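See below for the structure under consideration.
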Amino acid sequence: MFRQLKKNLVATLIAAMTIGQVAPAFADSADTLPDMGTSAGSTLSIGQEMQMGDYYVRQLRGSAPLINDPLLTQYINSLGMRLVSHANSVKTPFHFFLINNDEINAFAFFGGNVVLHSALFRYSDNESQLASVMAHEISHVTQRHLARAMEDQQRNAPLTWVGALGSILLAMASPQAGMAALTGTLAGTRQGMISFTQQNEQEADRIGIQVLQRSGFDPQAMPTFLEKLLDQARYSSRPPEILLTHPLPESRLADARNRANQMRPMVVQSSEDFYLAKARTLGMYNSGRNQLTSDLLDEWAKGNVRQQRAAQYGRALQAMEANKYDEARKTLQPLLAAEPGNAWYLDLATDIDLGQNKANEAINRLKNARDLRTNPVLQLNLANAYLQGGQPQEAANILNRYTFNNKDDSNGWDLLAQAEAALNNRDQELAARAEGYALAGRLDQAISLLSSASSQVKLGSLQQARYDARIDQLRQLQERFKPYTKM
């Protein structure tokens, strides 16, 4: 169903999020780093970190090229939470996001938010390598590196830190202007920041590799992936972007390799979901996707069973993207027949059906899906099929429940707004659109839409009270966010 919702935006948030980091402590029996205390607490509480994270996530949604694909979002969050469940010092909820960017990179920021570039799927040979990058970023969060960086900058150069935070936001809206501002702001203190960053990167490797191993992934994947990055830097005139934001001296690679060698060797097979996610990312979100994806699918077709199935899925996806619906259906059919409850296959089958104006076929298939009640991806697919099939009330029934349980999913609010518009429920359409604006950090517009919704219902009604209460909540949120909007 995501084909109808896909966006193509251009923005970046990368280098700003990894500046000025200071090495903290980690109390683990397998780690030999000294305990440097918890001094970040004197600058930011966990609650403040989460509030700042909420603010920046909203800016990210509103400005960055997020891949708001339900299947990929579900996959990276499932993989991420598997890693988080084996991490120590977890003090915040975690959320994982995917940005459409052909540069290899990832970053973590306040409140347990981790962002991956789509290029990581292209360069990760297996699931353990992708997980190694995520474990590294998770470790930045659990060690509170960014909070400690803020403390150090406030102590040594407070105006530099305030300027850097302002540049982060500017970089979201205008990458060139934002990075130019950031470069100027940091010019006077760059060398100290780089040394801190190197120390933090090495610590995130050391802790991340433990998380990786405890989660059942191959610890050798981390040094192997780092070595790939170094090789690319050696033989390219332009190093990978991740090396600009995550310093990688030879000593860091040697340390990661030494630590992995001390761990029990593991033979780990990548999950089928990894191959399907990689095929989907390359097939839909890679600028050079046609030839690159075809070459990879040819290779997978000769591989193990999981790779072969992913290759067939990728071929069907390619055909669908080219509007060759009959070919896509024929290619997908054996997979769907073998696994009729597979969400990846059901999602693609829905897109094929809707592309051929066969909404009723999609509806009947999805209504009988085994995991419909528990799988958000299938629920969104069914709601979208109802909407495309001219049954907006059925769609609204699903989406009202969905948005109640998934308040941070803009896909749900967008579809609900479409359904309410088709039903001529103007106030409810405005309210749903307001939630989408709020998620994207556009609180003024959200409040304006809710005010319009409130004016269209009966004076003194329960519905009006609900709209007015939501307006009050958003105004309170604006007040909490004011310190960040002034940076």
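The backbone N, Cα and C atoms fix where each Cβ goes, and this holds for glycine too.
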Can you pick which of GLU49, GLU201, GLU227 Swiss-Prot lists for the same Zn(2+) site as HIS136, HIS140? GLU201
Per the Cβ under 8 Å criterion, with at least 6 residues separating them from its ends, the repeat 'TPR 2' (344-376) contacts 1-4, 70-71, 74, 273, 276, 280, 313, 316-317, 320, 323, 325, 328-329, 332, 335-336, 382, 384-386, 388-391, 402, 406, 409
What residues in the same chain, six or more past the boundaries of the repeat 'TPR 3' (377-409), come closer than 8 Å to it by Cβ-Cβ distance? 1, 4, 70-71, 74, 343, 346-347, 350, 353-354, 359-360, 362-363, 366-367, 369, 371, 415-416, 418-420, 422-423, 425, 432, 435, 439
Outside the repeat 'TPR 4' (427-460), six or more residues from its ends: residues with CB under 8 Å to it: 55, 58-59, 61-62, 403, 407-408, 410, 413-414, 416-417, 420-421, 467-468, 470-471, 474-475, 477-478, 481
Around GLU201 (Zn(2+) binding site), how many other CB atoms lie within 10 A of its CB? 24
Neighbouring CB atoms within 10 angstroms of the CB of HIS136 (Zn(2+) binding site), all protein chains considered, total 28
Across the repeat 'TPR 2' (344-376), what does the mean pLDDT come to, as a whole number? 96
To the nearest whole angstrom, what is the C-alpha distance linking HIS140 (Zn(2+) binding site) and ASP205 (active site, proton donor)? 9
Whole-number Å only: compute the distance from the Cα of GLU137 (active site) to the Cα of ASP205 (active site, proton donor). 9
